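**Q** Straight out of TrEMBL:
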- C:12-37: transmembrane segment (TRANSMEM)
- C:70-88: transmembrane segment (TRANSMEM)
- C:95-112: transmembrane segment (TRANSMEM)
- C:118-141: transmembrane segment (TRANSMEM)
- C:150-172: transmembrane segment (TRANSMEM)
- C:203-221: transmembrane segment (TRANSMEM)
- C:242-265: transmembrane segment (TRANSMEM)
- C:285-315: transmembrane segment (TRANSMEM)
- C:322-344: transmembrane segment (TRANSMEM)
Amino acid sequence: MTGKLLTINGLTKAYPGVIANDDVSFQITNGEVHALLGENGAGKSTLVKMIYGLVKPDAGSMTLNDAAYAPNEPRAARSAGVAMVFQHFSLFEALNVAENIALGMENPPAMGQLSAKISQVSGDYGLPLDPHRLVGDLSAGERQRVEIIRCLLQDPKLLIMDEPTSVLTPQEVDILFATLKLLREQGTSILYISHKLEEIRTLCDEATVLRGGKNVGTCIPRETSASAMAEMMVGTRLSPPQKAYKKLEKTVLQLNGLNLSPASPFGTSLKDITLEIRAGEILGIGGVAGNGQDELLGALSGEAKSAPQSVQMDGQNLGHLSPNARRKLGLLAAPEERLGHAAAPDMTLTENAMLTAAERENLQSNGFLNWTRSRSFAEKVIARFDVRTPGPENAARSLSGGNLQKFVIGREILQNPRVLVVNQPTWGVDASAAAAIRQALLDLAADGAAVLVISQDLDELMEITDRFAALNEGRLSAPVATSDLTVEKIGLMLGGAHGMEVAHDTVVHP
Amino acid sequence: MDLSAINPIVLIASLMVASTPILLAAIGELVVEKSGVLNLGVEGMMITGAICGFAMAVETGSPALGFIGAALGGAALSLIFAFLTQVLLSNQVATGLALTLFGLGFSALIGQSYIGVKPPTSATLILGLDAMVFVGIGIIAVTWWVLKYTRVGLILRAVGENHDAAHALGYKVVLIRTAAIAFGGACAGLGGAYLSLIRVPQWTEGMTSGAGWIALAIVVFASWKPWRVLLGAYLFGGITVLQLNLQAAGVKIPVEYLSMSPYLITIIVLVIMSADRTRTALNAPAMLGRSFHASN
Amino acid sequence: MIRLEKRKQPSQVWSYLTPILAVIATMIAGGIMFWILGKNPFEAIRIIFWDPLFNTQFASYSRPQLLVKAAPLILIAIGLSLGFRAGVWNIGAEGQYVIGAICGAAVGLAFYPMESFIIFPLMVLAGAFGGFLWAMIPALLKIAFRTNEILVSLLLVYVADQLLASMALSTLRNPDGGGFPGSRNLQQYPSAANPELIAGTGAHWGVVAALIAVIFAYILLAKHKLGFQIKLAGQSPRAAHFAGVNTSVIIVVCLGLSGLLAGLAGLFEVAGPAGQISIDFASNYGFTAIIVAFLGRLHPVGILLAGLLMALTYIGGELAQLMLGIPLAAIQAFQGMLLFFLLAMDVLTDYRPVIGKAKVV
């Protein structure tokens, strides 16, 4: 089956101060996996939102199966045969799988029938799922299956997948790809959004590359080298971070059998976590989202308290200490969520500098705050980390993701930590800011601090860490030297494929 | 003191009457909260319903039309709340308080000419109970069925659980919430009119005296489950009736202390319910009180 | 079609402009309301906002009343504003005000008829402590059981009202009062009275306390760690937790201070303008102060101005009742409307209205 399915013609969408999509045109043929490739902020999300009817284009047109296609809401898109799996899942934690799926359908059958149908489709495509479980209790991979099955039940002609592998282990990725290939054989087209070059080369038939909201070219991924695609995507060559040779010194931070129950009903509990970090070392902790990363950061920053001896720094018990007591001793942290956790969105950068630096930078005396000093500390961070902002009196939320992240990481690094813990340091950050942040972490370790990097980006961990450990369902594997790792090995450390063993064989070789 | 004057059947019937106003208001608020909105203006909507219903019944001579007027009055007031919180994205707590303050003043204003007026009497069905007692139970049953078994109910719960996801799936969050708020306003209005037309029956300023706040507490007590609203309302009604009977029977406790007992017991019940952290956290709609703005 | 677009940062200009616009909008809407009531709207607005201050016939009586009414409103609103900033919603200030008055008056009456300079200070302490304790009930329940402080503090208002009735009818009833409810009049008991300090101004000790509270709150919020933590806890609870803010401390401080200030307001009222514990002592100051706090944008100086304005509507309202027969309830509705307009216009500080094609929502 060939022929055009969806033609996109000159789509343009502008937001105040930024043109998200500028005259983008391309075609998707029947039964192909078409990649949409681009960096964070290249305009991929806006483009697919227009295809899915969530955003209305300012100019341009689309045709679907030779008929004009201008969905004004997702419902219209769905009834035209376009389905979408979101990057950040559009799921409801307190509802069960069947209810979640019913919400995404136009005319769902009665619950009993729907459950039976879910079980059937999940069997057919090798995506096992219990329709009666609460979504809040599912792993990230299982949640994605809910989304996929929700789409498949509507027999879509075009399936849009937004960064589907960012939450999967390598083994789960293989299974997802098998399902997608099966769909392609059945004639379904797939629009596959990603910035991961290798997986696009394995899976996709054609790729459209976006940069700065413009279509900068189309290629056949199998016949194009990864570096050539990367250049199309980024535009300029980036220099990889410099790792200095270092000699490891004594252990600074130690976790001894750390146990922690979660604060929220759907959180993960930490189970018996033990590790050591030495001065000058970067230890990476990999894992799929929702396996205890936030909880681990909280246990280290002091937001969650644990048994005194379960966290030790230089032999001193810290498990019971408050965040500021830990800061005083030199244990600093930068959480994943920039807006609302690492920084208060509506407060100025001066105030946000006060947020964590009051103790170590002497910004207070007898409870009275010295705003002048706080301002000059904020200015120092802005200057040293090239934070693009008119000045320290601007609200944190006015900064772009990359700039705020540089501010947040810079704020901790300039306080001269003995141990720095960061979670997802470059998530959603543009390439140049990401490179700057990674280099700063390497420099910090080279200066003798111990750095713990929690990240879901395996490439990042391979690039900057000395040792690697995996977090899986709240348990931490024994660390291994990063230089000894293979993708296969990492996948197994991350827990392989969650709950996939049963239906595996039916799909992988259909 | 003569406790034998307390007749159990009369006691139960008067318990049902005493609990109907808060039952109506609470089931309305439950639907509002299920959609993820916290409307603290129940007291204001109740008292507005009380005067609208009273005025309507007096002017037309029909208690039934009075109740319809009360529902419309309560809903109209709640739409101010809906406009402020859903369209202008104002803080729900503050706006709910504004609704209560405004409702108390506004009702007193229209009520000027109705002080001392007697409303038309409502027909009773059995045991001296009027139709509204059963309408209240009926609304609970229907709410339970809709929330549990229908698509409308599923969508309402989904909006209250995760408005961003509901929006991404194409559901009209603001519209659904506005409808829920109006339903809550209508129910609160009915509850208020029940006070002024049947329970008391006359109009006095500030006559709801905290019933709206107790209704809010009962939603928490019920863990957002419709049938437990009935239980909570009857519990409260029972205490109210009991203390009134004790007052009448001349128990040697000062009247003021008996009168404060329903409020104190409501607080104690709230404490017991909120002490169970996991259950409240699981049942409370996750988006309760948060503003929704489609930013993309 | 008009749609809203989030500003990159809150607009300073609009945050000053919105209260003023809200007052103007309320005058217009209120005028319409008075017109519907069959009154001349311009005359009504003039009587409410102008005559109490500048009409030669009334000003001599009304002007001192301004401070008398504004003092409790400002005292209470300052306390409430701290909690509102932190996301701790004490809406039971009315109850704390009543309990403060009862405790303070009880201490004073216990000494009757002894005269000593120590009695009034003791009453002040007792009033503050009573309000503080009453506010500690929702605070401690929230900390220990996460019980909703909005509902508990509010329900306690009704409990306080019953206690007040009980005090007026039995415990604190004037033994020489011939069986009438109500306590002895503290104004006729020099050691316990809260007199007018400067004749003709209306200024009593409550006015002094209100000014001190404004200055104290200003320093707390602008310069002190605790004030910063209060703001942080309200704006961004997770960031506050990360910054090491202890939520329990914030709850105790916010509820405790607002209870203490409401208790003080109650004590100054009972020992001064009201004079005695009576059944109708509760005067809604605790609720009106909520409007004052928002109208003042939760800022101490703003609250000072808003308290004066709201006091003016009280006095003007009484005058309008006297002159035009406008019911007092209309003023209450008027005040409620003011809060509506204020909240409605607040959207402009955080969002920019944009005229243009609507996006798919």
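Backbone N, Cα and C atoms are what each Cβ position is placed from, and that goes for glycine too.
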**Q** Restricting to the same chain and to residues at least six past its boundaries, which positions have a Cβ under 8 Å from a Cβ of the transmembrane segment (C:118-141)?
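**A** For the transmembrane segment (C:118-141), the far contacts come to 90, 92, 95-97, 99-108, 111, 147, 149, 152-153, 156, 160, 191-194, 205, 251-252, 255-256, 258-264, 266-268, 271.
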**Q** Six or more residues out from either end of the transmembrane segment (C:203-221), which same-chain residues have a Cβ under 8 Å from its Cβ atoms?
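**A** Non-local partners: 64, 67-68, 70-72, 74-75, 78-79, 81-82, 85, 124, 194-197, 227, 230-231, 261, 264-265, 268-269, 272-273, 299-301, 303-304, 307.
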**Q** Below 8 Å between Cβ atoms, which of the listed ranges C:12-37, C:70-88, C:95-112, C:150-172, C:242-265 makes the most pairs with the transmembrane segment (C:322-344)?
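**A** The listed stretch sharing the most Cβ pairs with the transmembrane segment (C:322-344) is C:12-37.
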**Q** Do any residues, 6 or more residues outside the transmembrane segment (C:242-265), come within under 8 Å Cβ-to-Cβ of it, and if so which ones?
**A** 71-72, 75-76, 78-80, 82-83, 86, 88, 90, 93-94, 96-97, 99-101, 103-104, 124, 127-136, 138-139, 142-143, 149, 153, 206, 209, 213, 226, 229-230, 232-233, 285-286, 289
